[in-house]
Number of protein chains: 2
Amino acid sequence: MNFPLVSKLLGVVMLILAIAFAVCLATAFWLDSPQQLELTIRAFVASVGISLFAAALFFWVGRSHTKKFFRKEALCTIGLAWLLASLIGAVPYVMVLPDADMADAIFESSSGLTTTGASVFGDLERFPPSLMFWRCLSQWVGGMGVVVFFVAVLGFIGVGAKMLYANEASGTVSEFEESRIQSTVAKLVWVYVGLSAACCLAYWGADMPWFDAICHTFTTVSTAGFSTRSTSFAAFDSPTIEWISIIFMTLAGLNFILILRICMGRFRFVLRNTEFAAYITILVIACVLVSAFLRFDGTGWSTEHAIRAGTFQVVSIMTTTGFATEDFTQWTSLPQMMLLFLMLVGGCTGSTAGGIKISRLVIAVRQSILTIERSFRTRVVRQIRVNGQTLSSQSISDVNSYLVLIASVICGSILLVSVFETSHAIDTNLSIVFACLFNVGPGIAEVGPTENFGFLHYHTKLFLSLLMVMGRLELYAILALFAPPLWKRFS
Amino acid sequence: MNFPLVSKLLGVVMLILAIAFAVCLATAFWLDSPQQLELTIRAFVASVGISLFAAALFFWVGRSHTKKFFRKEALCTIGLAWLLASLIGAVPYVMVLPDADMADAIFESSSGLTTTGASVFGDLERFPPSLMFWRCLSQWVGGMGVVVFFVAVLGFIGVGAKMLYANEASGTVSEFEESRIQSTVAKLVWVYVGLSAACCLAYWGADMPWFDAICHTFTTVSTAGFSTRSTSFAAFDSPTIEWISIIFMTLAGLNFILILRICMGRFRFVLRNTEFAAYITILVIACVLVSAFLRFDGTGWSTEHAIRAGTFQVVSIMTTTGFATEDFTQWTSLPQMMLLFLMLVGGCTGSTAGGIKISRLVIAVRQSILTIERSFRTRVVRQIRVNGQTLSSQSISDVNSYLVLIASVICGSILLVSVFETSHAIDTNLSIVFACLFNVGPGIAEVGPTENFGFLHYHTKLFLSLLMVMGRLELYAILALFAPPLWKRFS
Ligand SMILES: [K+]
Ligand SMILES: [K+]
């Protein structure tokens with residue numbers, strides 16, 4: 001393990017965190033009321049100080065490093081960066097909110113930086129504007145991190161980024177040849193920023209107050225889901241705003257490389273993409289089914305209302321954003337079950353969405369069909385093709401291993417959550433795990449969109465914070481930290 | 001596809017069914033009250049007639065067959081045999097019970113022959129003794145089928161049994177070399193019969209009425225779970241009977257080849273067996289945890305009562321038998337969740353237990369650990385060893401494929417069940433699928449051990465009947481029936 005280099009990279013992460021805190025400090029001067037100001041300034045100055053101190057410490061430890069950067073260094077950097085940032089990001093919450101304990105603050109901070117959007121706070125209206133801004137900005141920064149951060153940070157080293165990206169957003173490695181990494185990273189940053197600008201203008205144009213427009217932009221393009229209002233998008237009661245949100249959530253659930261291709265006018269490339277086709281197909285079918293259900297199952301809604309409500313909830317859940325305009329825990333079990341499964345599906349690889357990811361499911365389904373045929377034709381040779389390319393048996397095996405691993409993590413997490421949450425029904429514990437591991441935010445049952453995670457046990461909140469980071473980094477970067485061989489200096 | 005041979009084998013299955021019905025007919029003459037007699041005699045005579053007619057038809061179609069017997073013929077035979085037997089086995093229920101519709105009867109019959117033990121009937125006391133006898137006998141016959149039936153039936157052909165057994169009870173193929181199949185089959189039948197005799201004597205010796213002793217023996221050694229009483233084992237209120245049941249359920253959850261080895265005195269072989277060690281370890285840990293929980297969590301029970309209740313429920317659920325002495329749906333969520341996961345675990349391969357099976361889980365866990373290490377050491381070469389043998393990458397890949405497939409089946413089934421069962425909570429629908437797919441019998445929530453499946457929709461019952469057969473045959477034999485290439489005459 002090349003500890004000095006890992007340390008230096010962590011220093012860069014801390015520096016970025018310091019900049020984000022500085023922006024929030026400026027917001028505090030500008031927007032916070034005089035009574036709030038003293039508290040928030042103290043909180044953000046402390047946050048900037050802590051992150052600068054950490055950055056300096058990490059740069060000092062990493063002052064002389066070799067260039068050796070391999071997969072283990074990459075995994076270690078990602079895992080530690082997210083865990084550390086979640087801890088330091090908790091400082092403003094614990095300093096500004098008098099009733100927030102450490103577990104609350106760490107949960108909210110992890111939920112922000114992992115773009116999960118699950119909250120332990122029910123009464124958002126008491127938040128000073130600057131803290132609300134940090135809450136939403138952390139999701140935008142986290143989302144940017146998912147799309148390009150690792151690649152951008154590691155670009156100056158020139159090696160490893162490919163492996164890193166392969167781990168972070170599976171399936172699109174071939175796009176990233178060494179020489180093109182830096183330029184691709186810059187383009188992806190522009191896509192992310194451009195998408196944010198467009199989203200913000202659209203919200204603002206639809207009469208959303210400009211502070212809300214900025215905050216919701218942060219949490220829309222990162223499919224993150226924090227809202228400035230306790231009732232989420234229902235607070236605005238505006239069909240136009242809802243449709244704008246639907247469009248940008250759908251875009252943010254796409255592979256950002258595909259969005260780049262669309263911007264470059266390469267539509268044929270996009271249309272030939274298996275994951276794109278599957279994503280749109282699943283989305284449309286789910287929207288139609290849920291909308292039809294809402295229209296005809298005794299809600300008494302108009303067709304327009306049913307379509308809008310169905311589409312919004314389906315898109316929000318499948319892209320693992322987690323905004324809500326309706327309390328779907330009041331629906332009957334079929335549409336709720338569909339939403340629960342959409343959480344599991346998630347968005348495309350290379351997007352900020354969570355879940356298992358479409359490409360993995362496509363591979364799993366095709367492979368299952370092949371397995372059934374192989375059960376009676378043992379010698380049949382048939383390849384699985386995705387995006388016009390034949391998958392190697394190693395790739396298929398990797399996907400299967402990942403699915404088995406995530407199933408184990410789900411089972412283990414539900415059991416562990418049940419240890420502390422003994423008074424809740426099984427569907428609550430199950431959906432708590434889904435909501436956190438797949439970075440969705442709200443769940444069903446007692447953690448529905450109108451509820452929050454505040455009632456959970458102290459230890460549960462800490463465990464769920466780890467689970468959110470684990471889900472965000474697709475398991476390996478966190479699980480590897482628990483593997484002793486990772487920490488050997490030479491190997 | 002060698003249709004004539006498949007047909008002939010189905011004829012043999014129908015003949016065995018006719019013999020079982022004939023035994024029930026004899027029971028009717030002997031035990032049924034005069035008022036019941038006319039109805040039950042008519043029902044069992046009709047059943048014998050239908051199965052003899054079907055047998056004759058199948059033998060006629062298969063009168064001239066070639067010896068070609070491959071994996072596809074084997075799968076097709078198993079799948080069709082279980083489906084057909086379930087349909088014909090429904091005849092007595094529908095003819096004897098005036099209020100049972102087709103779906104009820106097919107569900108109860110499938111539940112019997114697949115050794116699931118889920119029931120749609122709540123008031124068992126109104127069953128004539130002969131029908132009760134058929135209900136329990138069908139489980140014993142089904143259990144015998146799982147252990148040796150396929151091998152015994154296919155023994156006279158001399159080929160294919162190995163492949164067949166490989167599909168039916170994964171992991172123990174090497175035991176079955178062609179030349180030894182017939183003698184092993186005979187020995188396994190003796191183990192099954194011997195275990196049944198011992199179990200029956202033990203029950204009878206512990207003052208269980210002899211009719212109940214025979215019926216419960218049928219459903220204990222096949223880990224099946226039908227009881228002659230509506231309240232299951234709680235009806236006898238006898239610690240001795242409960243401990244006897246615990247011992248025989250534990251034995252029946254073992255690989256029958258291991259039991260054979262124990263009888264042959266080859267203890268070292270057994271102790272070296274990975275699956276045996278894992279089975280006993282999981283069982284002991286679960287018993288200790290659940291018992292401790294019951295002792296200290298406000299039940300007010302004595303230590304003896306807590307240990308007995310905890311052990312009985314854990315053994316019954318993990319071996320997927322499904323007997324109950326306590327209503328565990330009244331427990332808090334942690335021990336309930338543990339029982340739910342034990343359903344998923346199941347017993348050993350080569351036993352009559354359902355679930356995913358211990359050996360698959362051992363392989364999956366070892367492989368997951370290896371996957372985590374591979375995430376940062378891509379070139380690490382390390383083998384997975386089970387039972388002292390190194391697994392081929394094909395075996396590991398088969399296990400992974402199976403797990404991915406069963407996860408898909410679980411998700412699909414829950415969604416499909418939700419279509420008809422819209423008024424139940426998600427944990428009910430989930431546990432309905434677990435209880436049927438893993439051949440457990442009772443579930444949690446609304447299908448707990450004191451409840452029954454009678455309240456379900458007509459279509460749900462039919463679907464669950466298929467699901468029980470699918471689970472019993474480890475998916476492939478039923479899924480393959482839906483694959484068009486299976487039905488090609490030449491390939
Ligand atoms: K989210
Ligand atoms: K059972």
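Just so you know, glycine gets a Cβ as well, placed from its N, Cα and C.
Any TrEMBL annotation is an automated prediction that lacks curation.
These figures come from a predicted structure and were not determined experimentally.
According to TrEMBL, the protein carries these features:
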type     : residues                                       : note
TRANSMEM : B:12-31                                        : transmembrane segment
TRANSMEM : B:43-62                                        : transmembrane segment
TRANSMEM : B:74-95                                        : transmembrane segment
BINDING  : B:T115, B:T116, B:T320, B:T321, B:N439, B:V440 : K(+) binding site
TRANSMEM : B:140-165                                      : transmembrane segment
TRANSMEM : B:185-204                                      : transmembrane segment
TRANSMEM : B:243-264                                      : transmembrane segment
TRANSMEM : B:276-294                                      : transmembrane segment
TRANSMEM : B:337-356                                      : transmembrane segment
TRANSMEM : B:402-420                                      : transmembrane segment
TRANSMEM : B:462-483                                      : transmembrane segment
Across all the protein chains here, work out how many other Cβ atoms are within 10 Å of the Cβ of B:T116 (K(+) binding site).
35
Segment-segment contact (the transmembrane segment (B:243-264); the transmembrane segment (B:43-62)) at 3 or more Cβ pairs under 8 Å:
no
When only pairs 6 or more apart in sequence are counted, do the transmembrane segment (B:74-95) and the transmembrane segment (B:276-294) reach 3 or more Cβ pairs under 8 Å?
no
Around B:T115 (K(+) binding site), how many other C-beta atoms are within 10 angstroms of its C-beta?
35
Residue list, the transmembrane segment (B:276-294) vs rest of chain: Cβ under 8 Å, 6 or more residues beyond ends.
250, 253-255, 258, 270, 301, 306-307, 309-311, 313-315, 318, 331, 334-335, 338-339, 342, 345, 347-348, 358-359, 361-362
Cβ-centroid neighbours of K(+) site B:T115, B:T116, B:T320, B:T321, B:N439, B:V440, 8 Å, sequence order:
B:T114, B:G117, B:T223, B:A224, B:G225, B:G322, B:A353, B:G354, B:F438, B:G441
Sequence-remote contacts (6 or more beyond its ends) of the transmembrane segment (B:462-483), Cβ cut-off under 8 Å?
72, 75-76, 78-80, 82-83, 86, 103, 106-107, 109-111, 114-116, 118, 142, 146, 167-168, 170, 354, 402, 405-406, 409, 413, 416-417, 420, 432-433, 436-439, 453, 456
Residues sitting near the transmembrane segment (B:12-31): Cβ under 8 Å, six or more positions beyond its termini, same chain?
37, 40-41, 44-45, 47-48, 51-52, 54-55, 58, 81, 84-85, 88-89, 92, 128-131, 133-134, 137-138, 141, 153, 211
Could you give the residue numbers and ranges of same-chain residues that sit at least 6 residues beyond the transmembrane segment (B:43-62) on either side and whose C-beta is under 8 angstroms from one of its C-beta atoms?
3-12, 14-15, 17-18, 21-22, 24-25, 28, 84, 88, 91-92, 95-96, 130-131, 134
Spatial neighbours of B:N439 (K(+) binding site) that are distant in sequence (at least 6 apart) but have CB under 8 A:
B:T114, B:T115, B:T116, B:G117, B:T320, B:A353, B:G354, B:G355, B:M468, B:G471, B:R472
All-chain count of other Cβ atoms within 10 Å of B:V440 (K(+) binding site):
33
Those residues of the chain, 6+ apart, with a Cβ under 8 Å from that of B:T321 (K(+) binding site):
B:G117, B:T219, B:T220, B:T223, B:A224, B:G225, B:M249, B:A252, B:G253, B:V315, B:A353, B:G441
Secondary structure at B:T321 (K(+) binding site), reduced by DSSP to three states:
coil
